[in-house]
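In TrEMBL this protein carries:
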type: TRANSMEM; residues: A:6-27; note: transmembrane segment
type: TRANSMEM; residues: A:39-58; note: transmembrane segment
type: TRANSMEM; residues: A:70-99; note: transmembrane segment
type: TRANSMEM; residues: A:111-137; note: transmembrane segment
type: TRANSMEM; residues: A:143-164; note: transmembrane segment
type: TRANSMEM; residues: A:184-202; note: transmembrane segment
type: TRANSMEM; residues: A:222-242; note: transmembrane segment
type: TRANSMEM; residues: A:276-297; note: transmembrane segment
Amino acid sequence: MVWGTIIAAYLFLAGLSAGAFLTSSYAARRYPEAKTVRFVGRLISPILMGIGLLLLIVDAEAGLKDPLRFIYLFTNFSSVMTIGTYFISFFMMAAAYIALMELLKKDTSKIVEYVGIIFAVATAIYTGFLIGVIGAVPLWNTAILPILFVVSAFSTGIAGTMLVSAIMDKKVVHMVMSIKKIHLTLLVAEVLLIFTMFLITSSTNESAAQSVSMILSGEYSILFWLGLVVVGLIVPIAIEALELWNSKKLHHTPAGLEVAASGSHGIAATMITESAVLAGGFILRYLLLAAAVPVIFL
Amino acid sequence: MARYGMVIDTRKCVGCYACRVSCQMQNELPVEESYIKFYEKETGVFPNVKNEIIPVQCQHCEDAPCVSVCPTKATYTTKEGIVLVDADKCIGCKYCMVACHYGARTQDHNTGVVEKCRFCAELVAEGKQPACVSTCISNARIFGDLDDPNSEVSKAIVKMNAQPLRPDLGKAKIYYVR
């Protein structure tokens, strides 16, 4: 593995950060009363991106020894990494500004927020393009990968935001039912995308087929089926679907919310779901890097 | 302007590793690190089998993916077509290592810089041959100007119908006789 666990963690955190930013922007508009969700999303977004970038710096040994070299990252426009560096820079500036305004309890600039939304989406997509353009690794070299990464980024972003929000205020989870609906849709889409990608790429060439069989039935099969499919996708889909179904029975009144928050489907379900989604998001990226079989050139 | 390339005749290669050792000496590499990798390939069906030893190093691709992918422009192609790494610009992100079709790059963990075969650019500038070529015991390697039809390397490519390892993966400047 040329790119190992550190890069998998970075790809995961970048997607999570972008997703959290979008979740908070959505919550701010759709649910002005769900302040916790907005606050949490806005705050964790730049923090998680920052941790991701620190990991990148640690992994880039030559740059770590001579940090001024990182300025050169802005120079080659034919490199997806350079383009990503610009995306992340703009995203980080917007996210940090908005987090600061949130902490100072000041109004945020709408323009900065829109810029943040655009570059959050760009950041999430770029992580897919970063490895997607590598012709040397057929498993990555597919058009579905960037889409899968975006869907997974939004899904983990919602999960991260809801997890921290639920810890801070267990009532708030039941105020944002449409976020739960979006989350369920994303998770189902992720299942479809993963299997479409594996099915199509495995029939394109030998290296891709080898990668896919490593994941589906080889050395990474337990991590894939148990970690990603069961824990990361099926369990959250089941709980989320059940929660949505139950919530229909409760009226959206303060009393109903109280019942929801303290009842059988309290925050425990949310905590389990969101933690599972986060674990799945990391496992997905780790598997894709670990099973990267290069083109056989002889 | 010359456009440098090489022919490697695997029929002549005996797998003595002299090229690798001379390369390590020229580039002051530690024992465990090298720019030339050896692969063995068996072809045919018994009794008509062939065992081939294939030395692989940076193919100095014309349209090198490592060059387009490098975010810092540390990897570049010289006017003579040699792909080089500017050690003062490399951040060690390893994107070039991931992008290389031939797995030809290694990271020096003392400096963090990613390096590879440089066609011994400093020897070539003096009019000498790369270390692997001048040290090869069986003359399996020929180096020279691909643009000059009268150069030894150009003639060898035509005469022996030398082909890049994988023409479909890009325009490599190392040609193999297999």
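Glycine is treated like the rest: Cβ placed from N, Cα and C.
For the transmembrane segment (A:184-202), the neighbouring stretch richest in Cβ pairs under 8 Å, chosen from A:6-27, A:70-99, A:111-137, A:143-164, A:222-242, is A:143-164. Here the listed stretches are A:70-99, A:143-164, A:222-242, A:276-297, and the one with the most C-beta pairs under 8 angstroms to the transmembrane segment (A:111-137) is A:70-99. For the transmembrane segment (A:70-99), the list of distant contacts is 14, 17-18, 21, 42-43, 45-47, 49-50, 53, 57, 60, 63, 108-109, 112-113, 115-116, 119-120, 122-123, 126-127, 129-130, 133: same-chain residues at least six beyond its ends, Cβ to Cβ under 8 Å. Of the recorded ranges A:6-27, A:143-164, A:222-242, the transmembrane segment (A:276-297) has the largest number of C-beta contacts under 8 angstroms with A:222-242. Nonlocal intrachain contacts for the transmembrane segment (A:143-164), taken as residues 6+ away from its ends with a CB within less than 8 angstroms of a stretch CB, comprise 11-12, 14-24, 27, 37, 40-41, 44, 48, 121, 124-125, 127-129, 131-132, 173, 176, 179, 182-183, 186-187, 189-190, 193-194, 196-197, 200, 236, 270-271, 273-275, 277-278, 281, 284, 288.
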